Structures are given as structure tokens and as C-alpha cells.
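Q: Structure below; questions to follow.
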């Protein structure tokens, strides 16, 4: 060990312990923060697009109003994206606080909580998108065998806005899957050989 406190390899090459870990940690936290902001914004957008979507159509002198509550899958989509947006906002605040404090590593219990939460949100958003997409296909194409008519031929504006909401929700679910992979990396690297070298926990 030199007087500068820098480890020296047999080849007289200085080795700075923990530097790579800190760089990787900063990049991971930045990617996590960006994804959480994206999920928060797109989740709110998807919920607003679908939740505020209505269209009135007059059929045989009778006015029929299409709402997202007419399809339970769309109600599930709005709720799931609202929950995902709120969850991502809270986690985003946590990321900002951690970056301001300059923390490098966090405790394993907290890492498990974040990992589990991200996994749950990923499954929730993916299932909501899948259910909404299936219902939208029936609304668009109908189901002749069950004598279900093509709803979108009458409520074109309503279906178009729902489609935009589902597209936003799809981006949310994809981002959530990527984020769950990042949280898995952040968790399981704590069990690697480099854990505890930097000594900062939060």
C-alpha cells in the first residue's frame, strides 16, 4: 500500500478500489430515475386518455353514450396505470434523495422491497394491457360466433382514444419490465464479491 492509500498491483499499476462500482451505481440509478419518470408520465397519460374517453351516438333516436366503464378491462387498465404512476412517483423521489445524498449501496431488506414492488407492478401493468388489448380486438373486429357487433364502427372516436391509451400503457408495461430487471441487478449485486467495499448504505 502506497502512502497515497492507493493499492498497487504487482506490475506497479495503481488500482482504485470501488471506483468502477460507484460509476456503475450512478449509471444504474440514473437509468432507474429516467424510467420511473417515464412510467409516471405515461401512466398518468394512459389513465387520463382512457378515463376521460366518452362518445355519444344516436341510434334510432336513442342516445347511447360509450364510457370506459362499459368495459371492465378498461377500468382495470385505468386503475393499474394509476397505481403504477403513483408507485413510480414515490420511487422516483427515493431515487432523487439517494442521488442527492450520494449513497452508493442500500440495505438488502430495502432492495428486496423495491425488487418485489417492481415485479408486482410489471405483472400488473402487463396483465392490464393484455386484457384491454383483447377487449379492444373484440370491439374492433366483433365476434360473429357470439353475435357481438363491431363497436368501433359506431364509436370511432372513442376507440381511437382508447387505442392511444393502450399504446401508452404498453410503453408503461415495457418500461416496468426493464425497470424490474434493473432492480433485480441492484439487488443481486449486493450478494456479489464487491458488496460493502464502498461502505455507504441507505
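The backbone N, Cα and C atoms fix where each Cβ goes, and this holds for glycine too.
Sequence annotations record features per position, and here Swiss-Prot assigns topological domain 'Cytoplasmic' to 1-29, 94-109, 186-202 based on sequence analysis. Feature annotation from Swiss-Prot assigns topological domain 'Extracellular' to 51-72, 133-164. Annotation comment: Swiss-Prot describes 30-50, 73-93, 110-132, 165-185 as transmembrane segment, evidence class sequence analysis.
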Q: Same-chain Cβ contacts of the transmembrane segment (30-50) under 8 Å, 6 or more residues past its ends?
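A: Residues 68, 74, 77-78, 81-82, 84-85, 88-89, 91-92, 95-96, 99, 132, 161-162, 164-166, 168-169, 171-172, 175-176, 178-179, 182-183, 186.
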Q: If you average pLDDT over the topological domain 'Cytoplasmic' (94-109), what do you get?
A: 76
Q: By Cβ distance under 8 Å, which residues at least 6 away from the ends of the topological domain 'Extracellular' (51-72) in the same chain are close to it?
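A: Contacts with the topological domain 'Extracellular' (51-72): 78, 132, 135, 139, 151, 154-155, 157-158, 161-162, 165.
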Q: What is the number of residues in the topological domain 'Extracellular' (51-72) that are helix, strand and coil, as DSSP sees it?
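A: Summed over the topological domain 'Extracellular' (51-72), the classes give 5 helix, 12 strand, 5 coil.
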